[in-house]
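These notes are about the structure you will find just below.
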Amino acid sequence: MAKKPGPRPSKLSVYLYIPNIIGYIRVLINIVAFYLCFRNKILFSVLYFFSFVCDAVDGWCARKFNQVSTFGAVLDMITDRISTACLLVILSQVYRPGMIFLSLLALDIASHWLQMYSTFLLGKASHKDVKDSTNWLFRAYYGNRMFMAYCCVSCEVLYLLLFFLSENQTEKLMDVLASSFQKISVVSFLLATTLFGWAIKQIVNIIQMKTAADVCVLYDIDKKQKQ
């Protein structure tokens, strides 16, 4: 005997899902963090990283309480992208050449936006569903939570370290990195361990952008053939 579907949740109840409430809290934390970023670098770094950790917490809550939602997934991605974008803009103002960070910002937004759009074209439930991809690194990134978490954490920690190391608005990026690596310290160790994960994430972003663009082009070709 087929199981009867449960009562339809109200629109308000979806907005008030536990993971979505955590998402709203993340937004507020980021607002406070960026307001304080030049006044208190330590507090900014703590708040920013705490917001980043909450991204994993709301995902766990969504699965634990069966409150997975499309709105929650979009809220998470928007919060992540805006947070990283704001930090990259700040880094572009305190380091020279600033274009490096603006280019990373453009790559991050373009690759994720294209990936989300191509996901909807293919009718997939999640942008992380890349099991049919022919690229092994792309599949490994989204297929292994620990590997993806390492790359994402590495990226954010590296950006936070660079912001923490900046002393004025005329810093040369390569000079700061070279100076940090010349010293044996916790900072130099963190820089070394995060650079690899950061590099992998940028490569994945490039692969993601190209793969998603191919999906859009093939969709157009199929659409024309059916006319």
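Think of each number as a place in line: the chain as shown, counted from 1.
Each residue, glycine too, has its Cβ placed from N, Cα and C.
Quick look at what TrEMBL lists:
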TRANSMEM  12-36  transmembrane segment
TRANSMEM  42-61  transmembrane segment
TRANSMEM  100-122  transmembrane segment
TRANSMEM  142-164  transmembrane segment
TRANSMEM  184-200  transmembrane segment
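Under 8 Å from some Cβ of the transmembrane segment (142-164) lie the Cβ atoms of residues 37, 41-42, 44-45, 48-49, 52, 56, 84, 87-88, 90-91, 94-95, 128-131, 173, 176, 187, 190-191, 193-198, 200-201, 204, all in the same chain and six or more residues away from its ends. Sequence-remote contacts of a segment are chain residues at least 6 beyond its ends whose Cβ falls under 8 Å from one of its Cβ atoms, and for the transmembrane segment (42-61) they are 18-20, 22-23, 25-26, 29-30, 32-34, 36, 67, 72, 76, 79-80, 83, 87, 149, 153, 156-157, 160, 163-164.
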